[in-house]
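Remarks on the structure that follows.
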Amino acid sequence: MQNYKQEFIKFALSRNVLRFGEFTLKSGRVSPYFFNAGLFNTGADLARLGEFYASAIQASGLNYDVIFGPAYKGIPIGTTVSVALFNKFNLDKPVCFNRKEAKDHGEGGNLIGSPLQGRILLVDDVITAGTAIREAMDIIAANNARLAAVVIALNRKERGKGELSAIQEVERDYRCDVLSIIDLDDLMQFIENEPEYSQYLPAMKAYREQYGVA
């Protein structure tokens, strides 16, 4: 596991963004872990979060022109990622985000920031049902741009209602890669080597066996 992945897991645990135990999800499944990126809510947290995204993006070797953070959670993520890419890797990438409701005065429209053109790197926290990504894809297509890849914080590697995960459906439908800072396998590898959390490994393995995807 790359060092930035291990550091991100420790960071998420320290902020209670990542917790282990028993959690009932909206789907009704009882999960042995819970991830709430909304708890990254201070300047220091967001600065570090951006650095982890930037590390994952650089490690992937992605080729892209514009960073797009879809409303609402993607807005602060896109902003902090663009700052981190410049500060850490001297990459000055334009950033764009959308409004949920278009304005008909001032600058107007539903986009703020850079024009949405060329190869788009979409950043968000997680993909649960894929609805937000599909809405973002409509915006990207309407601007004659194309999706280069999606980068999220956590890939649960978990089936939806069918055999595929929401992420696999997005990859299939839009022929793009969905990358993540960490995924379920990274979490399991981490807790396997951490005595403080190793008690949760059997439940994690059972959950992966029941709901996991390749």
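Heads up, the Cβ atoms here are built off N, Cα and C, so glycines get one too.
Positions annotated as 5-phospho-alpha-D-ribose 1-diphosphate binding site by Swiss-Prot, on the basis of sequence analysis: Lys26, 72-73, 99-100, Lys103, His105, 124-132. Under the three-state DSSP scheme, Asp125 (5-phospho-alpha-D-ribose 1-diphosphate binding site) falls in the coil class. Its Cβ taken as reference, Asp125 (5-phospho-alpha-D-ribose 1-diphosphate binding site) is surrounded by 20 other Cβ atoms within 10 Å in the chains shown.
DSSP assigns Arg156 (orotate binding site) to coil in the three-state reduction, placing it in neither a helix nor a strand. The feature orotate binding site is assigned by Swiss-Prot to Phe34, Phe35, Thr128, Arg156.
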Fill in the blank from the handout: Cα of Ile127 (5-phospho-alpha-D-ribose 1-diphosphate binding site) to Cα of Phe35 (orotate binding site), in Å and rounded, measures 12
Problem - Arg156 (orotate binding site) CB neighbourhood, other CB atoms within 10 A - result: 25
Exercise for the section: Starting from the orotate site formed by Phe34, Phe35, Thr128, Arg156, give every other residue of that chain whose CB sits within 8 Å of the mean position of their CB atoms, in sequence order. Expected result: Leu25, Ser31, Tyr33, Asn36, Val126, Leu154
Completion exercise
Rounding to whole Å, the Cα atoms of Phe34 (orotate binding site) and Lys73 (5-phospho-alpha-D-ribose 1-diphosphate binding site) are apart by 17
Problem - Integer Å distance between the CA atoms belonging to Phe35 (orotate binding site) and Thr131 (5-phospho-alpha-D-ribose 1-diphosphate binding site) - result: 19
